[in-house]
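> Straight from TrEMBL, here's the annotation block:
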DISULFID  Cys160-Cys178  disulfide bond
TRANSMEM  20-42  transmembrane segment
TRANSMEM  62-86  transmembrane segment
TRANSMEM  98-120  transmembrane segment
TRANSMEM  241-262  transmembrane segment
Amino acid sequence: MPPYRYPTNNFTYVSSCVKYMIFLLNFIFWLFGGLLIGIGFYAFVDKWQATGLIKLETFYDIVLNLSLVMIIAGGIVFVVSLAGCLGALRENTCLLKFYSLCLLIFFLCEMAIAITAFVFPHKVNAVLEESFTDKIITTYRDDPDLQNLIDFAQQEFHCCGLSNDGYLDWGKNEYFNCSSPSVEKCGVPYSCCINATDISSGLVNIMCGYHIQQQSVAAASKKIWTSGCIEIVRVWAERNLYVIAGIALGAAISQLFVIYLAKTLEGQIDLQKSSWS
């Protein structure tokens, strides 16, 4: 039996592979977080200069302000990934513990949302309609970023409005309400139209949805999409359930793997410190 070899002064329990893998992954997310902050800040300032006023009085004002959401999300990613970078590079167990705890909280929140949406899809549907329909519809023209997002969603998912009322939701907007003095009264945004773009000229007909609310669903369905977007998105998610589940599972496994790496590095650092004492 060969004699036991004690660790030499050059020996380290800390794996360079684990250490620099954590550093590299978090460095990429750190850059991504900084990019989100930069884009969000630029959009926020641009909106401020264009409108002169940004209302942030309620929770919905913050959630529906896309530039502010980007700044907040980017800030969280920036701080957490920076903790992972420095924790791995400097072999700091406090930063690594903070980093792994944040990842665990993110993971648990994502699982809670996914399970709730899977088990109670209709309940989630109803809550979203009740909570966001009026606010999103009424602020459509007040926030250019939100307007572009709604137009994109309606064009991509072939829907109009948010709730089960469909295109009639737009009657809650001051510009599209039938009592409005606007030329758009009783209308809907052009993004609701089935054929909003003229084939010959390639120009968008922004008047294609004018006075459509006065028509029946059968008549309106010949010109615009009439179903609400929340229900359409729910149906789309059910049809692509396996793809969404596969992506979610891949993301969850990746997060758990990174948490495992962080905890492994913590253990190696603690073991290295104990060998010095």
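From the backbone N, Cα and C atoms, a Cβ is placed for every residue, glycine too.
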> Tell me which residues of the chain lie with their Cβ under 8 angstroms from that of Cys178 (disulfide bond), as long as they are six or more apart in sequence?
Gly171, Lys185, Cys186, Gln213, Gln214
> Sort out the sequence-distant neighbours of Cys160 (disulfide bond) for me: same chain, 6+ apart, CB within less than 8 Å of its CB, listed by position.
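Once residues fewer than 6 apart are set aside, Cys160 (disulfide bond) is near Gln154, Gly166, Tyr167, Asp169, Trp170, Val188, Pro189, Ser191, Cys192, Ile224, Trp225, Thr226, Ser227, Gly228, Cys229.
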